[in-house]
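Colleague: There's a structure below that I have some questions on.
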Amino acid sequence: KGKCPEDGWDESTIELFLHELAIMDSNNFLGNCGVGEREGRVVSGLVARRHYRLIHGIGRSGDISAVQPKAAGSSLLNKLTNSVVLDVIKLAGVRAVTSCFVVPMATGMSLTLCFLTLRHKRPKAKYIIWPRIDQKSCFKSMITAGFEPVVVENVLEGDELRTDLKAVEAKIKALGAENILCVHSTTSCFAPRVPDRLEELAVICANYDIPHVVNNAYGVQSSKCMHLIQQGARVGRIDAFVQSLDKNFMVPVGGAIIAGFNESFIQEISKMYPGRASASPSLDVLITLLSLGTSGYKKLLKERKEMFSYLSSELKKLADNHNERLLDTPHNPISLAISLKNLDESNDGAVTQLGSMLFTRQVSGARVVPCGSVQTVNNYTFKGFMSHANDYPCAYLNAASAIGIKKQDVDVFLKRLDKCLKTFRKEAKQEKSINEISDSNAATEQLED
């Protein structure tokens, strides 16, 4: 049926299945006589076993989705993986999706491939409208494709940074719709930025006949992000949405899924990929989904959502204890942030010092964002870089509840963060006491004089 099984398979069954696919490839035929330049020869047995002897990769020189006659097993693996992944994307909330394929590149390069495909449809276009998100790879994806990003600053609503729809439409009118390649929006992002207003952007794109590409990097694990894509496609225009394999399916870095609602356009993107490609990302995600089954993946999604609620409530308690606050970002379903206002005011370098303290205590993934940092990326200068705004009101710390997170991870993180913040408070008290003593001594000296 080409769908993800409801119940996961055991490892021996998966291995048997992969061996059956492998013996369909010509390099594994007993009497094979290869006289070409690429015959699936592997000198190391360890490497051959690591890839289950599926050596030929996927696709042909002209199309990553094409069937390779001398690699029937690898070709079948590719077709099955794309079909199973499509089933899981529908399961995760984008019911209207019609086509997708796994590409052996991470999210940034996959976005670049989408932009390069659109170039042929819109040869006059040179601009990409991009609601600002301070993440280098999605910015560089536009530069690498040879386009000029038009950065649209976000608007502050309460604590949240949201899409400035009026500014997007103003840019379209100023530049001319025919000169714009697409709108490049984002779902998954670090708080206090929240997912773009996808429905409204999709309507704007439909009204001005401009393509719309969505960076859905780690959005598959969030029903809210997937709902936004589903709704955007229903009321307006979304041409493609791109998601990472490692962030959503817990496999090694190196693959992404390009998906959309127009099968012919998604096929155009796959044909734009030059040459055949590594089968490793496809193999990894197929093994993972076969072992989980739909029931196992649904369970992981449910646990992630529960851990988000737990992290949110516990982080709020911790922030209150340290006279800080959990930033109010209800539209962000994955990432949270607590203010570091007192820390920032007490010591210029304290915020970045907190980040390094957490890292040396084996806390990974938490991001500390100081006020006013400036960074240049490909000759574009961003003020307040990492905070998605020129002047966000306070410094803060991010933490995310991503798929696979456990209660133990949350508890250990909170314990170590609490200890680090207490260290700063203790140092601040000592410094205050020293200052008070020195002030008192100075006053005594004045009296004696």
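Any Cβ shown, glycine's included, is placed from N, Cα and C.
The annotation pyridoxal 5'-phosphate binding site is assigned in TrEMBL to R38. Look at TrEMBL and you will find R60, S61, Q68, R276 tagged as substrate binding site. Residues or ranges marked as tRNA binding site in TrEMBL: R234, R361, K426. Here TrEMBL flags K247 as N6-(pyridoxal phosphate)lysine. The annotation region 'Disordered' is assigned in TrEMBL to 429-449. Per TrEMBL, compositional bias 'Polar residues' is recorded for 435-449.
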Colleague: In whole Å, how far does the CA atom of S61 (substrate binding site) lie from that of K247 (N6-(pyridoxal phosphate)lysine)?
Modeller: 29
Colleague: If you count the C-beta atoms lying within 10 Å of each candidate's C-beta, which of the recorded positions K247, R276, R361 ends up with the smallest number?
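Modeller: Per-residue Cβ counts within 10 Å for the recorded positions K247, R276, R361 bottom out at R361.
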Colleague: Could you check which of the recorded positions (R38, Q68, K247, R276) sits closest to K426 (tRNA binding site), going Cα to Cα?
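Modeller: Going through R38, Q68, K247, R276 one by one, the closest to K426 (tRNA binding site) is K247.
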Colleague: Restricting to the same chain and to sequence separations of six or more, state which residues have a Cβ under 8 Å from that of R38 (pyridoxal 5'-phosphate binding site).
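Modeller: R38 (pyridoxal 5'-phosphate binding site) has long-range Cβ partners H56.
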Colleague: Radius 10 Å, atoms counted are CB only; among the binding-site residues R60, R234, K426, which position scores highest?
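Modeller: Answer by Cβ density within 10 Å: R60.
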Colleague: Taking every protein chain shown into account, which of the binding-site residues S61, Q68 has the largest tally of Cβ atoms within 10 Å of its Cβ?
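Modeller: The residue with the densest Cβ neighbourhood is Q68.
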Colleague: Cα distance, R60 (substrate binding site) to R234 (tRNA binding site), nearest Å?
Modeller: 34
Colleague: Within 10 Å of R361 (tRNA binding site), Cα to Cα, which of the recorded positions R60, Q68, K247, R276 are there?
Modeller: none
Colleague: Quick check: with R60, S61, Q68, R276 left out, which same-chain residues have Cβ atoms within 8 Å of the centroid of the substrate site Cβ atoms?
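Modeller: My list of surrounding residues reads G57, I58, G59, G62, D63, A66, G275.
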Colleague: Checking the spread of the substrate site as listed (R60, S61, Q68, R276): what is the longest Cα-Cα distance, in whole Å?
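Modeller: Across R60, S61, Q68, R276, the widest Cα separation comes out at 10 Å.
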